[in-house]
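A.B. asks: According to Swiss-Prot, the 6-hydroxy-FAD binding site annotation covers 18, 19, 20, 21, 22, 54, 82, 285, on the basis of sequence analysis. The feature N-myristoyl glycine is assigned by Swiss-Prot to 2, with similarity to another entry given as support. Residues or ranges marked as N6-acetyllysine in Swiss-Prot: 168. Taken from Swiss-Prot, the feature site '4-hydroxy-2-nonenal adduction' applies to 174, 187. Here Swiss-Prot flags 7-27 as transmembrane segment.
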């Protein structure tokens with residue numbers, strides 16, 4: 001798809017809402033094809049949040065995880081918050097009154113969750129980087145740290161802390177017994193547990209934090225008491241929450257109320273078109289596809305959405321998206337990891353080479369056609 005589109009693009013203007021992994025992949029492809037587009041995001045920089053947890057333990061790392069949109073997309077980027085979509089007039093409505101017309105719309109709004117795993121604030125690049133540098137200082141001050149939530153973010157967070165600061169006491173509290181994501185092979189989930197135990201992480205499984213709302217988050221305190229529903233009490237200096245990921249649906253919720261899945265994702269057909277709309281696509285976390293929410297999948301969705309916009313312009317058949325066997329790599333600190341590729345177990349060496357060392361940062365800088373600092 002590297003050559004430019006030869007049909008008349010005068011009537012075509014694609015608006016992409018959300019500049020996460022799916023959004024920048026779609027924007028880069030449209031730019032290469034010379035298809036008119038506008039990318040909208042409330043931040044001024046792409047956040048490579050796959051590496052967010054390392055940025056919260058290693059000073060100087062965060063600057064590699066934020067990449068300027070305007071340096072890549074120039075006038076095809078608009079910083080702003082989308083507050084609604086006018087389907088009748090084909091307009092994306094921004095806070096402040098601006099309206100962006102579209103012939104085709106790609107919704108790539110992603111998901112939100114607690115800092116440091118996600119950073120979803122209206123912010124400039126410098127302030128975002130500083131938020132992670134401040135987090136590093138809080139972790140460095142704390143001898144005892146509790147991580148709440150044993151999904152992939154929680155286990156990676158605990159592993160990153162123990163890799164960078166092996167002398168710290170880290171306790172991971174998880175409401176279930178198996179760790180990481182339920183779609184993973186049982187042997188992968190077991191290896192996650194063994195890696196954490198080898199690193200010296202204390203595991204409190206099948207327990208739920210009962211006083212979470214009262215606890216300070218991401219800040220050093222001389223004494224914090226964490227209580228669980230089983231009556232366990234843990235004394236700590238710092239609490240990091242790594243659960244509660246939600247789909248970012250506020251931009252489109254009112255326009256597509258009848259097209260929403262129970263979690264707020266958009267119901268799509270096999271071509272990733274929002275049900276009932278041939279010119280509107282949903283990709284990444286906000287698409288209701290039967291697969292885990294991952295950056296890798298968002299990129300695959302972007303390929304299909306862009307191909308289908310081009311195919312529709314050329315009156316060609318549309319391309320269907322077919323989820324494959326699961327590829328999922330868990331980085332457990334820079335020297336360790338485990339996962340599966342196309343449904344098959346892969347161990348430490350492969351994951352370390354493929355992901356753990358640089359957490360795929362170079363891939364995002366390449367997509368954005370910029371050089372890392």
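Glycine is treated like the rest: Cβ placed from N, Cα and C.
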A.B. asks: About how far apart, in whole Å, are the alpha carbons (Cα) of residue 168 (N6-acetyllysine) and residue 19 (6-hydroxy-FAD binding site)?
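C.D. replies: Between the Cα atoms of residue 168 (N6-acetyllysine) and residue 19 (6-hydroxy-FAD binding site), the distance comes to 36 Å.
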A.B. asks: Over all shown protein chains, what is the count of other CB atoms within 10 A of the CB belonging to residue 19 (6-hydroxy-FAD binding site)?
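C.D. replies: Around residue 19 (6-hydroxy-FAD binding site), other Cβ atoms within 10 Å: 27.
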A.B. asks: Under 8 Å Cβ-Cβ from residue 54 (6-hydroxy-FAD binding site), six or more apart in the same chain: what's there?
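C.D. replies: The list for residue 54 (6-hydroxy-FAD binding site) reads 61, 160, 334, 359, given in order along the sequence.
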A.B. asks: List the Cα distance (Å, whole number) between residue 19 (6-hydroxy-FAD binding site) and residue 187 (site '4-hydroxy-2-nonenal adduction').
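C.D. replies: Per the Cα atoms, residue 19 (6-hydroxy-FAD binding site) and residue 187 (site '4-hydroxy-2-nonenal adduction') stand 35 Å apart.
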A.B. asks: Hey, of the binding-site residues listed (18, 20, 22), which one tops the CB count within 10 A?
C.D. replies: 22
A.B. asks: Select the most exposed residue of 82, 187, where exposure means the fewest other Cβ atoms within 10 Å, treating these as the recorded positions.
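C.D. replies: Least crowded of the recorded positions 82, 187, by Cβ count within 10 Å, is 187.
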A.B. asks: Hey, which of the recorded positions 168, 174 is the loneliest by Cβ count within 10 Å?
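C.D. replies: Across 168, 174, these recorded positions, the one with fewest Cβ atoms within 10 Å is 168.
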A.B. asks: Distance check, please: Cα of residue 285 (6-hydroxy-FAD binding site) against Cα of residue 174 (site '4-hydroxy-2-nonenal adduction'), rounded to an integer number of angstrom.
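C.D. replies: Taking the Cα atoms only, residue 285 (6-hydroxy-FAD binding site) lies 23 Å from residue 174 (site '4-hydroxy-2-nonenal adduction').
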A.B. asks: Any same-chain residues 6+ apart from residue 21 (6-hydroxy-FAD binding site) with CB under 8 Å of its CB? Would you list them in sequence order, or say none?
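C.D. replies: Same-chain residues close to residue 21 (6-hydroxy-FAD binding site) (Cβ under 8 Å, separated by 6 or more) are 110, 284, 295, 298, 299, 364.
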